[in-house]
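Participant: Before anything else, here's the structure in question.
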Amino acid sequence: MHQQDNPQGHHPSQDYELKDTNPQLGERWPTRGGGYGGRGWMSGGERFTTTYDLVEQMFYLYVRVVKAKDLPPSSITGSCDPYAEVKLGNYIGRTKHFEKKMNPEWNQVFAFSKDRVQSSVMEVFVKDKEIVGRDDYIGRVVLDLNEVPTRVPPDSPLAPQWYKLEERHGGGKVKGEIMLAVWMGTQADEAFPNAWHADAAFVQGEGVSSIRSKVYISPKLWYVRVNVIEAQDVVPNDKSRMPEVFVKAQVGNQVLKTKICPTPTMNPVWNEDLVFVAAEPFEEQLVLTVEDRVHPSKDDVLGRISLPLHIFEKRLDHRPVHSSWFNLERFGFGVLEADRRKEFKFSSRIHIRACLEGGYHVLDESTMYISDQRPTTQKLWKQSVGLLEVGILGAQGLLPMKMKDGRGSTDAYVVAKYGQKWVRTRTILNAFGPKWNEQYTWEVYDPCTVITLGVFDNCHLGILEKKSGASTTRDSRIGKVRIRLSTLQANRIYTHSYPLLVLHPSGVKKMGELQLAIRFTSLSLAHMIYIYGHPLLPKMHYLHPFTVNQVDNLRYQAMSIVAVRLSRAEPPLRKEVVEYMLDVDSHMWSMRRSKANFFRVMSLISVVLSMSRWLGDVCHWKNPVTSVLVHILFLILILYPELILPTLFLYMFVIGLWNYRFRPRHPPHMDTKLSWAEAVHLDELDEEFDTFPSSRPNDATVRMRYDRLRSVAGRIQSVVGDLATQGERFESLLSWRDPRATSLFIVFCFCAAVVLYVTPFKVAALVAGFHMLRHPTFRSKLPSVPSNFFKRLPARTDSLL
């Protein structure tokens, strides 16, 4: 391990700390007489609570251009190709134009941010589009912004009115009228999501949809279990030898093979389980191919069959499903019609048992940062235990991510993922301190879950793509924030500014800060306590568990399917965004991660070392008072051994109460010191950012051995990380990192101390021994309540980069 140094000269560590903020949350509306330029305000507390109480209110001037009528025809063409133009200061918004229409209907909404408007009047022009030369002016309407009404939701939308068109210089009325609705509203207005925003006037084409806020739902994922039992009457191409047969199964781009049948035979038996991931609606088919291993480098295809996935039974528990025989189609070229007719009378068959597993939760994210644990089928879902509300307020100090017109620019948006629901805020263009002020809500089914928020730079705005090429353009990462719900107190609003940290080949870099307002509302305390004693994952994960390799491979396949499906939405949630949110590269070997996990273990061992040092000080009478007290306590426990366990539990109860004063006041965040990111060496970073297999030019054998070493070391790294996690969970029992878990534990300690005090020691030891040695008949396959409680405790993995 390298020594801690700072060769890159990073920013001081305090730049990476979580910061408290004091935003003006909730609604504030102009009072009577306030109007557009009024000074009077009424706070949201004086009105009913709304769904926008975790964000700062942003005011917009909305202009709905509905339609026009009786427009005069052009004196040259004899017709009219009308469009409307809304002008407010330097901002100009245009509707689409209609060809040869005297009574056009546009029904478009324009939104102008109140903070950026300097003008006190607004003009709406109606013009006639000309193919050559300047557009013809038809008429205009001038509105005084001081007279604009304010719409307070949940009021109904403002009714539009007809306005007579005037000449350009106010010389009088002209023929024609236009229907408008103008009002002052907030981002809570229904017109906000689909409005034309003045700040995004230069975005064109498909980029317009990519800057609007959207909600995405992950595809419903299923595990497909195929039990390949046997085959009959397998005929090899070479009749002089017995075939060595295996089965290759494929679903989409997932390919799995059975082992070769141990004995060469025409009726092979395997009885192997192959598991795949599939998403509804089922687009892929299960393709089974029976192959003969003729030579180590050559396989002959003897038959195949394609089966749609929807024909398989959906299983909710571990009860077996019915098996089926399927006839195989001969595979090859030049099959004669006579031979083909013979195949229908006599053909090879394969015996399989296939089902869609509805009792598992299909993992598409790391179990350390899991945001959902419900099984696939909705029939097995429990009722929700709470509500998570997140207000995405804004960001500060973002760094320029690209060059635009010779200057650095950032077009930032935020993606939040919890459960099956993904949300994407609107893109704020060309701003290093964007303000989104958007609020989203999720149902919570388990408090021991994590919400992930990522900030990205939008590189698909329609203009840059033409220059740089859309095929190679990728949205850039700005940073990520993870928050574990169990670390939040119920019904409390957390307002913090989270540092956005990204690891680059040159070292860790702070890209800015993300300001959030978070509230976790608990619906039932009794239900919450009940959840803490139950397994984190559905029962099937414990009754029929997957191997470690299966879990890794299936998670990778599930993540790939989610990325592909979300990238096909409109607008797409792009693959690079989904992969970053799901931690696709978290399993890769990294010297930095290994050091971080190693020192996590060392910090836990240091507690034992400090206790041994304390005992040494007691033995050496460094503090006479402490030594006398320990001698008295030791004498009491020797004379009355039945007091040992009550004293131990009472001691932990007192420590838990004492630590309540020092409980964490804010959720955990990325810790650069814990992640070993501040003192990392460039050579280690070069290794971490290398691809797998390695792309460095070097001798092929050395590279192969190096990649194999990285693969093995990646497993060791995960084991060390798991070891550190278990120790940190012990540490969190009394640290109030999870307030509910610590409360439950110290109450249990107090009750245990009382029970063990009144119960003879021999009776307690006898009950515990017989319970430990009980017959398997009395054991459950599910984990015990203490085990479930322990696995739900938070660890410091939440703070790892």
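The backbone N, Cα and C atoms fix where each Cβ goes, and this holds for glycine too.
Pulled the feature table from TrEMBL, pasting it below:
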- 1-33: region 'Disordered' (REGION)
- 42-163: domain 'C2' (DOMAIN)
- 205-326: domain 'C2' (DOMAIN)
- 364-498: domain 'C2' (DOMAIN)
- 516-533: transmembrane segment (TRANSMEM)
- 598-616: transmembrane segment (TRANSMEM)
- 628-660: transmembrane segment (TRANSMEM)
- 744-773: transmembrane segment (TRANSMEM)
Participant: Which sequence positions outside the transmembrane segment (598-616), separated from its termini by at least 6 residues, show Cβ-Cβ distances below 8 Å to it?
Facilitator: 1, 674, 676, 720-721, 723-724, 727-728, 731, 796
Participant: Take the transmembrane segment (744-773) and find every residue of the same chain, 6 or more past its ends, with a Cβ under 8 Å from one of its Cβ atoms.
Facilitator: 529, 532, 641-647, 649-650, 652-653, 656-657, 733-734, 789
Participant: Report the mean pLDDT of the predicted model across the domain 'C2' (42-163), rounded to a whole number.
Facilitator: 81
Participant: Tally of helix, strand and coil residues over the domain 'C2' (364-498) according to DSSP?
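Facilitator: Residue counts for the domain 'C2' (364-498) by secondary structure: 14 helix, 63 strand, 58 coil.
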